[in-house]
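As given in TrEMBL:
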ACT_SITE  Ser341  active site, nucleophile
BINDING   Glu184, Asp419, Asp422  Ca(2+) binding site
COMPBIAS  229-262  compositional bias 'Low complexity'
COMPBIAS  263-281  compositional bias 'Polar residues'
COMPBIAS  306-318  compositional bias 'Low complexity'
REGION    208-318  region 'Disordered'
Amino acid sequence: MIAVVVVAVLLVTVVRRPLPDRGGEVSMPGLTGSATVIRDERGVPQIFADNAADLFRVQGYVSAQDRFFEMDLRRHITAGRLSELVGENEDALTADKLVRTLGWRQVAEQEYEKATDSTKAYLEAYAAGVNEYIKDRSKAELSVSYSILERSNSLADIEPWTPVDSVAWIKAMAWDLRSNYDEELQRGQAINTVRNVERVEQLFPDYPYNEHTPIIDGPANAGNQPGSGANNRANANNNGAADADADADGNNGATGDAPANGSQSTPNPSDSATPNGTGTPTGEAAVEETSASLIPKHTGKRADSSTPLATPAAQQALSAATNALDSLPSVLGGSDEGNGSNSWVVAGDLTETGLPLLANDPHLGVSQPSIWTQVGLHCNNPSEECPFDVSGYTFAGLPGVVIGHNSRISWGLTNLAPDVSDFFLENVNESSYLVDGRSEQLETRTETIKVAGSDPVTITVRKTKHGPLVSDVLTDVAKAGQTSPVPGEKVLRGSTYAVALNWTALTPGTAMDAILELNVAQDFSSFRKAVQRLDAPAQSVIYADVDGNIGYQAPGRVPLRGQGDPQAKVPADGTWPQIGWDSRYDWDGWVKKKDLPWVENPSSGYIVAANQAVTGPDGTAQLTTDWDYGYRSQRIQELIEQARAERPITVDDMREVQTDTYNPIAELLVPELLELAPTTDEFTQSGVELLEGWDYRQPTDSAAAAYFNTVWATLLDLTFSDELPEGFRPDGGDRWFQIVRTLMEDPKDEWWDDGRTDDVVESRDEVLRRAMTTARLDLTQRLGKDPSKWRWGKLHRVTLEQSPLGADGVPQIIKKLVNRGPYEAPGGSSIVNAFSWDASAGDFSVTAAPSMRMIVDMSDLDNSRWVNQSGISGHPWDKHYDDQISAWLKGEDFAWPFTADAVRAASEEEQTFKPGS
């Protein structure tokens, strides 16, 4: 008993030691004047200072107070140094290899050098504040996580924070929001088992433009008269906003400096001597011709064996690339399954106050602490020298505010998801790669990865003109195979396939400039100029201001692609992995800024941006074809239309929309299930009866939701898992909504047949009946025999897991200390209240969720509302570690004070900073 008490006392001491003192007075070298931090009852800091440098210096200090371990973990991840922190761990080492291969840190260094002088000054001030907090504190005084990790390995001393550490985080943001990366690899791998391009394309249906409205429903790149009121939105004009379309050099040209493939010239297809892009080899005799005997024989029905992607060597390289890329931790939370967002803005003539309301809730992986932190940055007397008066959400380690509002404008972000990356299948040997029949030298560099408690690991990074060879991370490509896709094709001697990643975020950009300029934008024109610098990650950005204007801008660096080989089996539009040895597939510059969609004051009176298509199929710019399919966005529009028909829209109405749990795929399937239910099977029928009269909503106490979602997961497994490769199983999200919606129209479609059953050809109706019975059996085992006692929340639960100490394999006592949950969760995948789950995972655990929610009232900014996923603190025993979870789960929110008077009225704790030496 005494030993237990001693251990408990020691644990409490270790856990409490890093808790910060958020009161009193702090003497800070480098400050030029006094500053004040006022915290409310949830510990949210509002910082007041006389100048911008002091403001960001104190923000850095406060960030380190609350979340330094999280900041340090992120910089280790983004520098490919995670193994230095967690020691020998295969997953960590693979992640480090991948980040070193991609070169995030080098790009961040270049991006910092490219930043404006003011951005550099703010980054340096922020870093100085972080370092002031950590300089005299031991690791144990900064976070309990260090104390626990040092029980296994001796950790190096904590390094000072640098401006590049902050910039590198933007590369991680871009990575987690990288658009159709998964879909491209899935297409490339599915051809190996499905064996037919047309059937693979069935799994990526066209966007339903006739049913789900794009963000801009009408002419894009147009503005209407400023101010609220129907008359002010009657006629379109550009309102002088054309200045925002100019690039940094004043031209309306493409963004960026050069084509993303590194070439300064446009590839000329005439340089290729043959239709498949291979020409006469030059230089050493390093190129040879393959024979038909080397071509793999495909036995599957309707095999498209002539596509290079179908060869075993190509499939091995694609699989290696997929596994390597999946090894990198999702820095925006846990799994990236379900990443997306809701945002919408309603004009004043539809609201109770006569001024706009703006709502945003990004959907990201769940984690502890929450991915976001909350902050206010206020110059005591805003001026040109000190222009900040802004509040909202940011990331620990990043100066400024990413999403929020200032005294004149508000903005929200959702993932635009343009196609900004391509995988190129390369023909390589140890030192060269093939380009148009010629041998080109691979770029190489050596990276040494330190591992806590073990020997360092050295890797060689190889790169083609398209980008780094990501398949090198997990496979010895020299042994991957030497098969060639087409008889007679030129290949390198001793060669095989590898996969290169071309990604716009590997070109230095101006995202940090964009964030800080957005913080001080005063109107739609300055908003657009700021947002257009947000090249990666590309986001959909909605807007509202105190003058009654609403708007939208789609920024980002989006590549222009070559036309490829017109005779090829797969398109060259970036939806499939591309052929690296044929320059006709190369990128050829960027979409021009003036062609990126925007709109101001649309005639509808509102804008909904929830990852759906931005414009109609004839939009000004080809951004992607792999949109979210618009089920959430359409539901949001329906709810707005319902609300406006009843009364002027209020903040409460906006909250009700955010927490809507209506399941759109249930509306399609439930009538079919009820009609097909086996009436003679009482066991199954007792489950199906739950669906009678169901309103398709999914609160935690719904038995019908529990049964329906189990049927849905079972239906997807029965229909698709027999043919799809591992790693490409139906997750049950909106794309699968659209696939099944289409297949329901053809009861005899080949996909309904289960290839695992011999001498039987299943139809749609048989599969639906089997899904109902199987789901009934499954839930009997999970939740009991009585369907009336089933609850959706008993299946659908969310655990907020801390990285790395909350993961599997860590002692339970540590996991209980740092993790929170599991909690019952409402909603579901592709539902407005998007607590997503993976239908292929075998359970219903939440993989992504609203990472925060906010509603901004432009008539009274102090009437705005917000809630975070967990809390402001990263310290497990801090009262602010988890004090927002309950409200977040219930769909509740808190007052968001902004003006100095409101902030002081809500004050619970105050800390003063004075210049020191």
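Glycine is treated like the rest: Cβ placed from N, Cα and C.
Just so you know, TrEMBL annotations are computer predictions that nobody has curated.
TrEMBL feature annotations superimposed on the structure.
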{"residue": "Glu184", "record": "Ca(2+) binding site", "Cβ within 10 Å": "22"}
{"residue": "Ser341", "record": "active site, nucleophile", "Cβ within 10 Å": "26"}
{"residue": "Asp419", "record": "Ca(2+) binding site", "Cβ within 10 Å": "24"}
{"residue": "Asp422", "record": "Ca(2+) binding site", "Cβ within 10 Å": "30"}
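In this structure the C-alpha atoms belonging to Asp419 (Ca(2+) binding site) and Ser341 (active site, nucleophile) are separated by 17 Å.
Taking the C-alpha positions, the distance from Asp422 (Ca(2+) binding site) to the residue listed as 'active site, nucleophile' comes to 23 Å.
Listed in chain order, the residues near the Ca(2+) site other than Glu184, Asp419, Asp422 are Ser179, Asn180, Tyr181, Val420, Ser421, Phe423, Gly574, Thr575, Trp576, Pro577, Gln578, each with its Cβ within 8 Å of the site Cβ centroid. Calculated from their C-alpha atoms, the gap between Glu184 (Ca(2+) binding site) and Ser341 (active site, nucleophile) amounts to 21 Å. Secondary structure from DSSP puts Asp419 (Ca(2+) binding site) in coil.
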